[in-house]
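Taken verbatim from TrEMBL:
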type	residues	note
TRANSMEM	75-98	transmembrane segment
TRANSMEM	119-149	transmembrane segment
TRANSMEM	169-191	transmembrane segment
TRANSMEM	235-258	transmembrane segment
TRANSMEM	270-288	transmembrane segment
TRANSMEM	300-320	transmembrane segment
TRANSMEM	326-342	transmembrane segment
TRANSMEM	362-383	transmembrane segment
TRANSMEM	447-477	transmembrane segment
TRANSMEM	498-524	transmembrane segment
TRANSMEM	530-550	transmembrane segment
Amino acid sequence: MATNSINGEANDDHESVTIPLLTSERSNVNSTSQVAIVGANVCPIESLDYEIAENDLFKQDWRSGGKIQIFQYVFMKWLLCFLIGLIVSLIGFFNNLAVENIAGLKFVVTSNMMLAKRFGMAFLVFSVSNLTLTLFASIITAFIAPAAAGSGIPEVKAYLNGVDAPGIFSLRTLIVKIIGSISAVSSSLFVGKAGPMVHTGACVAALLGQGGSKRFRLTWRWLHFFRNDRDRRDLVTCGSAAGIAAGFRAPVGGVLFALEEMASWWRSVLLWRSFFTTAVVAIVLRALIDFCLSGKCGLFGKGGLIMFDVYSASVTYHLIDVPPALALGVIGGILGSLYNFLLDKVLRIYNLINEKGIAYKIFLACAISVSTSCLLFGLPWLASCQPCPSDASESCPTIGRSGNFKKFQCPPGHYNDLASLIFNTNDDAVRNLFSKNTNSEFQYSSILIFFVTCFFLSIFSCGIVAPAGLFVPVIVTGASYGRFVGMLVGSHSSLNHGLYAVLGAASFLGGSMRMTVSLCVIILELTNNLLLLPLIMLVLLISKTVADAFNGNIFDLIMKAKGFPYLESHAEPYMRQLTVGDVVTGPLQVFQGIEKVGNIVHVLRTTRHNGFPVVDEPPLSEPPVLYGLILRAHLIELLKKKAFMSAPVPTSIDALKLFSAGDSAERGSGNGDKIEELRFTEEEMEMFLDLHPFTNASPYTVVETMSLAKALILFREVGLRHLLVMSRISGRSPVVGILTRHDFMPEHILGLHPLLIRSRWKRLRIRVPRVFKFF
């Protein structure tokens, strides 16, 4: 066994992920953090390997496969896409059904008490029910599945980039995500369920892709067809698209969301499969909605944002309507970047609180719930009662949960316009803001109070230990200031205030999430009005351009705050000044082609590296030659089967009969065997293993003089976990190091070369004025 210099993936550095890990001196080990905040807990993370290990076992299995096996493999992929669409659509429908009935029952009881002038008891019922629901969601999340906290989109996006975090796709996480999301949204917190639906879809896809849950003994042999991370990655991509399709009833928008925001790798066949998955979601939801329209679903089915068309009237607009739309785009960009900045700061503060223990996490969630209940019940008292319009399209005042004209504390024949927005579910608030023929319904002060309340409550509600999405709160906030701009423009525009609310929602979505194509299609599918397309495109482009001048999109900021080592699609300029030899660090563990069992066991027990170069040395090869790369999981499988030899001679063909293709398959997150579980006698430790048949003989390699920027593009585009760095000098070991994901992180690179920090900030100072000069 030889020992040279480089980093493995398994550095046990557990520094805080919230502190920049930069040092002033060159380090011998990779100093970037190997932990990240997954959901609500700090957990160790690893990388996924999308490269196929082409060893002799894989080649033998590939040659033995006939046309029936190939057909079965392709058929299973399409079948799983169908199952993903079916299950996710049923979960999405169940979520909406539960939220509408739980929240509806709460508002009906509270409204009845308000009608009886029992205001104190109404507030008590309202606040206690909200607190109970929030407490329930936070307890099951904190104790059962901390990975279910938050929207889950940053975790899924990081996974599709190649970051493997423990527990994000477990069965417990799926169940807690569903139940916790229903409780959190029903508790009147300013959170949404579209983000959790993306995580839910990814969980369903991952569980089906790995054949079920091994921990809970819910596995199916007929699903064990996908033996590598690449196939599971494709299924998770389809699951995330299905989540958006189920959350917004936007099948095409779901596909584009997965393409534009989630996936780091995309193929044409994946486009077909994801489209098929979302089509299944749309068909199932349409059938279930028709069933509910007959009145068999309780309080569900009265017309909300998530499941029903919001706006379908004919729209005509002229050139004079373009300047207000441009203004909305600029406002959305500024407010969106401010929203992202404040949310990032709040999440970091919450992280400091959450580090103190579970009790502090739950107390924080309860404090946010009580504060929210006080504001939602107290703020409508600031608004004056308005007389019911004579030409109202629905009953006024509204008695119960839904409707544009909430009575609240007003006398008969009057309504409280602020209560119609704030003392309501988020879905009904958006429906009221988007509604047509209601230009005189809301006062300026009510809309302004509602906007400020939504803006800050959605920020403070996001980081609690409960499933909490951002899509719907952002839509509500944007729709409120969009409606306010429409009220200011007034009769000078041919667009009604509801359409300005739609444009405002689009501008705030573009300013905070920085997506364009997918958001445009999602909004069009929500509003069912293609005539809005030019204005929505214009608003999204302007808001994204303005916001990009200040900071990144909300999901990237959350991933960075959580500590996920996400690889961007582009290389930083300073990476072109460095070669791969400038960033590799040590030590490197190298195995010979025929290695002693004791050496292998010692290395596996003393390191946590995932891949090891295999080098043939004399007498197998006169000069040392790289044979390939062997994975930790394959070494453990070899040790487990005890395919040992008494002498260091090559393995016979018969030795391969001890193994099947399933033995070399990747087990998925956290399902592999541990070296600590294996026991060996002293005699076995002196025996040998031939690593050649189980070594990937064609790993990706680069020379040590290649630029770091070019190596990053190769590493990301191929989806690698290990990239071998080869020496160009004869007489040295053929392998000088291994590049892993953490070697490309700015914290590691700038830690090794601190002088680059100064030049990096100098370029940023030069670049920023150019951006503002553009405007």
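Backbone N, Cα and C atoms are what each Cβ position is placed from, and that goes for glycine too.
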(message) Using Cβ atoms and a strict cutoff of less than 8 Å, what residues sit near the transmembrane segment (235-258) while being 6 or more residues removed from its termini?
(response) 77, 80-81, 84-85, 88-89, 91-93, 156, 159-160, 169, 193-194, 197-206, 208-209, 226, 270-271, 273-275, 277-282, 285, 306-308, 471, 515, 517-519, 521-522, 524-526
(request) Determine whether the transmembrane segment (362-383) and the transmembrane segment (498-524) share at least three Cβ pairs under 8 Å, counting only pairs 6 or more apart in sequence. (result) no
(request) Sort out the residues at least 6 away from either end of the transmembrane segment (270-288), same chain, that have Cβ-Cβ distances under 8 Å to it, and list them. (result) 77-78, 81-82, 84-86, 88-90, 92-93, 234, 237-239, 241-242, 245-246, 249, 251-252, 254-255, 258-259, 263, 307
